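Asker: For reference, the structure I am asking about is given below.
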Amino acid sequence: MKLAVIDGDGIGVEVTAEALKVLKAVRDDVETTEYDLGARRYLRNGETLTDADLESLKQHDAILLGAIGDPRTVPAGVLERGLLLPLRFKLDHAVNLRPSKLYPGASSPLKNAGEIDFVVVREGTEGLYCGNGGTLREGTDHEVASEVSQNTWFGVERVVRDAFRRAQERRKKLTWVHKTNVLVNAGGLWQRAIETIGKEFPDVEVDYNHIDAATIYMVTDPSRYDVIVTDNLFGDILTDLAGAVTGGIGLAASGNIDPTHNNPSMFEPVHGSAPDIAGQGIADPCAAILSVALMLRHLGDEANAEKIEKAVLDEAAGRDGSPIRTTEVGDRIAAAVQA
């Protein structure tokens, strides 16, 4: 396996080291290439992502990302627009995958959380995030700013198909989320895609939520969900809410996936670089380790993916609220997957 590693900034460096420790405990064929991308490089020479970086990254089977950014020194949005979004668009990461599971030992803010285990499939290359907009008469009383949500049949069809496939492999229930009563053009395209592709998956139950209703249900009845599919913006909102109801983002992994496998997909913990605790050895590496499990599953190694997920589940279940040490968690999980 040829793996590109972008450990990034802050605690990204620490949690990525533990994720690699666990990966190498289950696989002895991992060849890693480290990339200096993130706040440190930007502050050093002003670079975010060069064409040479991109071409080199494309030569790998997958990308493991730690965390990017330092809000103390890098202006907001610089690395998102200059590094993360270009990676997703230029590597055609059409599917942003976010499993959301309430692990034993994790504390949900919900009073009666019940069993929470669902996946959000977020469209990753279109919608309001594709940069189709502009400003006229900036700085005047007549200023006009626009952002255009771009939705294509090609883009929507492939993410909807991916979501149906995942639902078929899970509990056979798909919920699509939009705002069709107001966003009639984009919503209509999404609805036609759902209806068309749904005919190929007659065993999958389909329902629909407006985005505002989905935020309510995710807080009041999250166990109703199995697979959620939605657009880029709504998915961005829902996945953060999903992280909150499952006890925070310490156990939240994600994948930015090219479903065609023509480009390397990228896997990362949801959390940020947390510079306030960087270097203290107290960051929870479980989200980064679960990102490795997502990566292995994407690459067809289901057995080792399940092995890692079980080890993380056991790790979470065994916690008693005491402070954790980053390397100790990595050591325990690495030992567990080798047992």
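Here the Cβ of each residue, glycine as well, is placed from N, Cα and C on the backbone.
On a predicted model such as this, the values are computed, not experimentally measured, just so you know.
Found this in Swiss-Prot, in case it helps:
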- R88, R98, R122, D212: substrate binding site (BINDING)
- D212, D236, D240: Mg(2+) binding site (BINDING)
- G272, S273, A274, P275, D276, I277, A278, G279, Q280, G281, I282, A283, D284: NAD(+) binding site (BINDING)
- Y129: site 'Important for catalysis' (SITE)
- K179: site 'Important for catalysis' (SITE)
Asker: Can you check which residue among the recorded positions R88, R98, R122, K179 has the largest number of Cβ atoms within 10 Å of its own?
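Answerer: Result for the most crowded candidate: R122.
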Asker: Which site among D212, D236, D240, D284 has the most other CB atoms no more than 10 Å from its CB, taking these as binding-site residues?
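Answerer: Of the binding-site residues D212, D236, D240, D284, the highest Cβ count within 10 Å belongs to D284.
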Asker: Among the binding-site residues listed here, A274, A278, I282, whose Cβ has the fewest other Cβ atoms inside 10 Å?
Answerer: I282
Asker: With DSSP assignments reduced to helix, strand and coil, which class does R122 (substrate binding site) get?
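Answerer: For R122 (substrate binding site) - judged by DSSP and reduced to three states - the answer is strand.
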Asker: Give the maximum pairwise CA distance in Å, whole number, for the residues G272, S273, A274, P275, D276, I277, A278, G279, Q280, G281, I282, A283, D284 listed as binding NAD(+).
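Answerer: With G272, S273, A274, P275, D276, I277, A278, G279, Q280, G281, I282, A283, D284 as the binding residues for NAD(+), the largest Cα distance is 15 Å.
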Asker: Whole-number Å distance between the CA of Q280 (NAD(+) binding site) and the CA of R122 (substrate binding site)?
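Answerer: That separation, Cα to Cα, works out to 34 Å.
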Asker: Using C-alpha atoms, which one of the recorded positions R122, K179, A274, D276, I282 comes nearest to D240 (Mg(2+) binding site)?
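Answerer: With Cα distances computed to D240 (Mg(2+) binding site), the winner among R122, K179, A274, D276, I282 is R122.
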Asker: Under a criterion of Cβ-Cβ distance under 8 Å and sequence separation of at least 6, what residues of the same chain contact Y129 (site 'Important for catalysis')?
Answerer: L85, N232, L233, D236
Asker: Near R122 (substrate binding site), meaning Cα within 10 Å, which of K179, G272, A274, A278, I282, D284 (recorded positions)?
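Answerer: Near R122 (substrate binding site) by Cα: none of them.
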Asker: Please report the number of other Cβ atoms within 10 Å of the Cβ of Q280 (NAD(+) binding site).
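Answerer: Looking across every protein chain shown, the total is 12.
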Asker: Can you give me the Cα-Cα distance between A278 (NAD(+) binding site) and D212 (substrate binding site) in Å, rounded to a whole number?
Answerer: 36
